[in-house]
Amino acid sequence: MDKLRITGGSPLNGEISISGAKNAALPILCAGLLTADTISLSNVPKLNDIATTLKLLSQMGVRCDRSQDNAVSITADQVTTLEAPYELVKTMRASILVLGPLLARFGEARVSLPGGCAIGQRPVDQHIQGLAALGADIKIEHGFVVARAKRLKGAVVRTDMVTVTGTENLMMAAVLAEGQTVLENAAREPEVVDLAELLIKMGAKIKGHGTDRIVIEGVDKLHGASHRVCPDRIEAGSFLCAVGAAGGSIVLRDVAPDTMGATISKLQEAGIKIECGSDWIKAGMTGRPRAVDVRTQEYPGFATDMQAQLMALDAIADGTSVIVETIFENRYMHVQELIRLGANIDIDGHTAVVRGVTRLSGATVMATDLRASASLVIAGLAAEGETIVERIYHLDRGYEKMEHKLRLLGANIERITS
Ligand code: UD1
């Protein structure tokens, strides 16, 4: 398994481009199942989760062509199987996103239940209940969600909690349903909006995306379209935390600062000087960050996907901060590893109290999930001496060439391939 070796202490300086958003690209690729025409996508990041999705679609008979320049085209004109097997779903929960499109277009789907994951239980009951409300006959059989419907029928669906992939799955199902669907308590994440924009280009009738009430008028058929995947706000936020921890001055290109309000204002509170244009962010940091409290929330609140990275910054901050994780029940797996680097953190249920220390010291640590890995890399950049981050396959699921981008900025980081 590959590792990263980081020698801390080098400030970050220079300019990098931010990749397309993983969490937008995943549902968008699955939306290719909704039509027999070609969907042409650009700015699709090269990540393991994207490769898994393309493998899943290919196994169903979908033609997936990927070019060097991050363009992908998807043609689902000869779908041969309506099943997502356990082997793929267990490696990536987002595979559940094929359920809505398969059911809507083909009237049938068999998708393995994802099972548990490192950051919590993460059930898919809301996806299932929502599809049942749209008229699907849906049951769990031998570990699979098995769904059937001649044609889905529009309905008012109110999810018990705000769910991002739940909203996406239901939106993709509703675009081909008969009549009107109203999704109440819908997720407002920019990635949901990006998916809605692609679906509209494909001929779907959607209003209210970006609010908590999405109204969809079902159509009989969708057609091909071209779309550029929106920038990855979590990757961008992670690099901002990195410069906050290591110091220096960086420019991020190909970003969407208007989707990063909560992150940017927290990092400014921590002392990072941030300036934004329409598609760039300039960030500079000197000295030690200030401790900042944070409570994770659904968009437009502070993203749970940024919590671990911000904690790395708080670990070396001047003062004590309180972090409250409200979205996932087990998202503090990075804490024990940050403590191995010398951080002073106490956990009580959903709350972490971080007492900033003046310096971290390099050690061997283990990545446990995607954002935890980024947090350890950020801490390693600030730590004295050498940090080895093991199990970085988690990082490769969601960050495109992270060590390459950090090296461009002057970090002392290398991949050790085993
Ligand atoms: C998505 C993101 C992930 C992010 C998360 C929260 C993708 C591919 N992944 O995950 O990076 O951390 O949103 O912003 O976009 N829940 C249920 N039942 C359900 C669905 C969700 O109980 O049927 C719960 C979850 O356990 C969790 C909360 O609702 O506690 C929010 O989860 P959800 O928004 O669904 O997360 P994902 O869509 O899986």
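The count begins at 1 with the first shown residue.
Backbone N, Cα and C define each Cβ position, glycine as well.
When ILE74, ILE274, ILE281, ILE327 are compared with the UDP-N-acetyl-alpha-D-glucosamine site residues ARG93, ARG122, PRO123, VAL124, ASP125, GLN126, ASP305 in TrEMBL, the one appearing in that site is ILE327. Confidence in the domain 'Enolpyruvate transferase' (7-406), given as mean pLDDT, stands at 96. Across the structure, PRO123 (UDP-N-acetyl-alpha-D-glucosamine binding site) and ASN23 (phosphoenolpyruvate binding site) place their CA atoms 18 angstrom apart.
Proximity to ligand 1 at the level of Cβ atoms, with a cut-off under 6 angstroms, picks out ASN23, ASP125, ILE327 from the binding-site residues LYS22, ASN23, ASP125, ILE327. Calculated from their C-alpha atoms, the gap between ASP305 (UDP-N-acetyl-alpha-D-glucosamine binding site) and ASN23 (phosphoenolpyruvate binding site) amounts to 11 Å.
Once Cβ contacts within 10 Å are tallied over all protein chains shown, the binding-site residues LYS22, ARG93, ARG122 are led by LYS22. In this structure, the binding-site residues ASN23, GLN126 were compared by how many other Cβ atoms lie within 10 Å of their Cβ, and the smallest count belongs to GLN126. With the fewest other Cβ atoms inside 10 Å of its Cβ, the least crowded of the binding-site residues ASP125, ASP305 in this structure is ASP125.
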